[in-house]
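In TrEMBL this protein carries:
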ACT_SITE  H320  active site, tele-AMP-histidine intermediate
BINDING   Q104  ATP binding site
DOMAIN    13-338  domain 'RNA 3'-terminal phosphate cyclase'
DOMAIN    184-286  domain 'RNA 3'-terminal phosphate cyclase insert'
Amino acid sequence: MDGDRVEIDGGIMEGGGQILRVSTALSCLLGLPLRVRRIRAGRSQPGLRPQHLSGLEVIRDLCDGKLNGGEIGSTEITFTPGKIKGGTHIADTKTAGSVCLLMQVAMPCVLFAASPSELHLKGGTNAEMAPQIDYTVMVFKPIVEKFNFTFNCDIKRRGYYPQGGGEVVVQMSPVKELSPINLTERGTVTKIYGRAFVAGALPIKLAKDMSAAAVRCIRREIRDLYINIQPVREPDDQAVGTGSGIIIVAETSTGCLLAGSSLGKRGKNSDKVGIEAAERLLQNLKHGGTVDDSLQDQLIIFMALAKGVSRVKSGPITLHTQTAIHFAEQLTKAKFTVTKSEEEDPSNDTYIIECQGIGMINPNL
């Protein structure tokens, strides 16, 4: 602590942008002044990249905060939050930086704003090293809304690597408090569906190839379920640049959603893209947890803020999740425990993440 500033080491554990997202969102929510040092220390290009900077700027704008050290390449920032207000806010990475990561940092904050918010998030909608926007809409949204809030996510334009240029508009109303979630029963897989997309200069045949290869791969493990992966060509007026990819979602009898996804890139065979997504989905289904490895860490901040005890059954705990738990505990005083799940097949690598949330109350409502 420096005076009453919370000190965060941005180089430990996952050592990337996630530390920045979790700690600045919580700083904004809890009114805690923050200093983050050694930002992205373990990365090949340490310090702030454009997408991290635009995430910090949107948080600053949401709460009329003060940000020092906010420039590209900076390895240390200080942030002093103000009062969270609603209204319209624009965050633009000006690159293919992920709009989904911008959403991750802003969403918990606007839930506790004084009035409804509209976020215009610009950048890459389907970017490497981040959830695709389709994942956010098809998996993240229905599950996170179990914390007892809703949001609207309108994909205005898709943008791909390297230029970005996508835009997503998120509308949310504030809540008084968040309810805890209990996701411990997987149930059985009842349907598998998804979309394989191409945009720009790529022919629809590639989307069909991705879809067919994915279906063949899943069929080897799961024979009796109808699998519906729609091949789509994004309309030219709703996509910037050239891109391709696939997302496949499995829905279970208890309402769990688990996914696998993959992006195409130059020189990568479209069958391989489909197979990669299918294999990720099958791997996420194998452990018997109720969430996949991409959702795990995204739920942590909401569990920490909710009132009461949240429980989630997951597969192996990712480094991202361990990092989110570490900083959520450091900043909120929420208490997390992770225990090996006992009740089924001991060969299953399944864990229960439990959190006694702090029951954050919206002071503005």
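Residue numbering: from 1, along the chain as shown.
From the backbone N, Cα and C atoms, a Cβ is placed for every residue, glycine too.
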Integer Cα-Cα distance in angstrom, the residue listed as 'active site, tele-AMP-histidine intermediate' to the residue listed as 'ATP binding site': 13
Residues satisfying Cβ distance under 8 Å from Q104 (ATP binding site), sequence separation of at least 6: R21, Q298
Secondary structure composition of the domain 'RNA 3'-terminal phosphate cyclase insert' (184-286) [DSSP: H/G/I, E/B, coil]: 36 helix, 37 strand, 30 coil
Cβ packing number for H320 (active site, tele-AMP-histidine intermediate), 10 Å threshold: 20
